[in-house]
Amino acid sequence: MTLTLNLDNSAAESSTRRTLASLSLAVAKSKKIVVVTGAGISCSCGIPDFRSSDGLYALVKQQYPDVVLKGRDLFDASLFRDSTSTAVFYTFIAQLKQSIDKASPSPTHRFIKTLDSKRKLLRSYTQNIDGLEERAGLLGSASQNAKCTGKGKAKIRAKDVRNVQLHGDIHRVRCTFCSAEFPCIEEYVKSFDIGTAPDCPECTTRSAARQARSARALKVGTLRPAIVLYDEPHPLGDDIGSIQSTDITRKPDMLIIMGTSLKVHGFKKLVKDFAKTVRESAPPNYSPMKSPKGTKSWAGKVIFVNKSAPGSEWDGIIDYHVEGETDKWCEKVIEDWKKARPADWEVQTKLDATGGEEDFAGFKVMKEMTNATSAKPKAPKKAARENKPPAVEDIQPPKDTTTLSPPPSPSKRRNSGCHYSDGECSPSKKRASRGLEKLDFEGRGMLFGDATNIPDKEVDVEDVFGELVAEQVKGRPKSRAGGATMPRPAKQKVEVAMKLRESGRRTVAASRAARTM
């Protein structure tokens with residue numbers, strides 16, 4: 001059930017006064033507040049309303065007396081189908097832009113900024129297109145400073161955005177063809193005031209560049225206000241949905257709704273999602289009529305501040321309806337906050353170690369600290385010596401600071417052929433190693449040895465193959481250019497004496513003629 005509190009009767013009714021004071025204390029104690037605002041928070045800023053006798057609708061009606069458009073039709077995306085309704089829309093936006101430029105932020109805007117400065121604001125969501133929140137110091141989602149410059153899918157930096165502009169910003173314009181955005185300068189406002197749309201400078205530049213190189217000209221789009229109309233998708237819809245999902249997962253502990261009638265479908269869904277999350281943080285068996293003691297009675301509150309009461313569909317969702325102006329309620333919250341928690345508003349300006357309190361408020365020097373070590377006197381500076389080269393006898397030879405490096409570890413030392421000692425290796429390895437100790441590499445049957453890297457020398461054939469083979473190689477006939485051949489060497493005879501077994505047989509000494517070679 002929603003409890004209604006009349007702000008104007010709070011001075012006469014003590015119960016209303018106590019309940020409003022408890023709401024102010026709940027705001028001061030909350031740490032994650034979500035603020036949702038509508039057009040009602042800007043009425044006190046000097047911006048005329050839409051439906052009064054001197055409102056914006058009446059001003060537009062004077063320029064277009066034959067056109068009949070309702071308020072919703074003036075903000076519907078279907079108006080671009082007709083040139084007359086489009087001209088009326090541009091004129092209306094120009095009048096609204098001129099009124100907004102003369103306005104300044106209201107106490108409600110400054111209250112939201114105060115929540116952000118005290119680190120109690122989780123995020124602000126607004127239906128307004130006036131951009132007064134950014135003038136108060138809250139970076140908006142439609143601002144150029146919030147745009148991403150990287151190559152990712154995100155178009156805005158969600159962490160830096162403090163105010164989500166659900167319906168865009170009237171201070172920016174967007175091309176209907178290339179979707180490029182630009183600031184809404186005075187030249188564009190004058191063009192909108194007469195019912196015409198200026199050309200897009202981006203499209204104009206690209207088309208002129210093609211025509212300069214004798215190419216076909218491109219289509220040039222027109223500029224329109226960068227606001228979101230009814231039945232029109234939001235250009236930053238994905239980013240805003242991601243921000244909302246992130247804020248819901250962070251579990252806000254209070255929801256404040258100000259200056260809106262809660263009749264737009266998409267806006268109602270956003271408020272209900274946040275209200276459901278906030279009420280989950282409320283203590284069990286919580287009721288706005290009586291607060292349980294010993295629990296966090298300030299947590300989980302949904303507060304609606306508006307002149308008109310919410311509809312019946314909000315029963316069980318909104319806890320408190322503060323009937324009155326938003327500026328008056330925000331000023332009362334700040335006043336009660338300062339009385340209940342003055343420490344939250346103390347600002348340190350200067351610290352004085354002498355213990356005086358007149359230079360700063362709320363701080364007191366409890367103990368004076370003295371330096372543990374006394375300052376040492378500075379040594380006198382030595383007289384600067386004249387820059388002269390040193391004498392020869394003063395020059396000392398450099399000391400030999402080279403040291404022998406330690407021997408390498410046993411695992412890195414160069415080992416011999418076998419890493420076993422004579423007492424450890426097997427007998428077969430002992431014989432093999434002893435027989436090959438004094439042989440050179442050629443005697444061992446090895447092709448390469450220590451002489452591998454020695455420069456090549458003339459090889460003596462007789463040393464390698466022996467005298468007999470050398471004679472055969474030298475005595476082999478060679479062909480000459482003239483066709484003559486070398487004579488063959490003379491045949492040699494070899495006598496072989498064989499000794500037979502000495503048995504009962506005769507000993508025969510035979511001399512045989514050897515085969516001729």
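Each position is counted from 1, following the chain as shown.
Positions of Cβ are set from backbone N, Cα and C atoms, glycine also.
Record features (TrEMBL):
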- 13-346: domain 'Deacetylase sirtuin-type' (DOMAIN)
- H167: active site, proton acceptor (ACT_SITE)
- C175, C178, C200, C203: Zn(2+) binding site (BINDING)
- 371-433: region 'Disordered' (REGION)
Around H167 (active site, proton acceptor), how many other CB atoms lie within 10 A of its CB?
20
According to DSSP, which kind of secondary structure is C203 (Zn(2+) binding site) found in, if we only use helix, strand and coil?
helix
Between C203 (Zn(2+) binding site) and H167 (active site, proton acceptor), how far is it from one CA atom to the other, in Å?
25
Are there any residues at least 6 positions away along the chain from C178 (Zn(2+) binding site) with a Cβ closer than 8 Å to its Cβ? List them or say none.
C200, E202, C203, G221
At the level of the C-alpha atoms, what whole-angstrom distance separates H167 (active site, proton acceptor) and C175 (Zn(2+) binding site)?
17
Using the centroid of the Cβ atoms of C175, C178, C200, C203 as reference, list every other same-chain residue with Cβ within 8 Å of it (recorded Zn(2+) site), in sequence order.
T176, F177, S179, A180, D199, P201, E202, T204, V220, G221, T222, L223
Among C175, C200, C203, all listed as binding-site residues, which has the most CB atoms within 10 Å of its CB?
C200
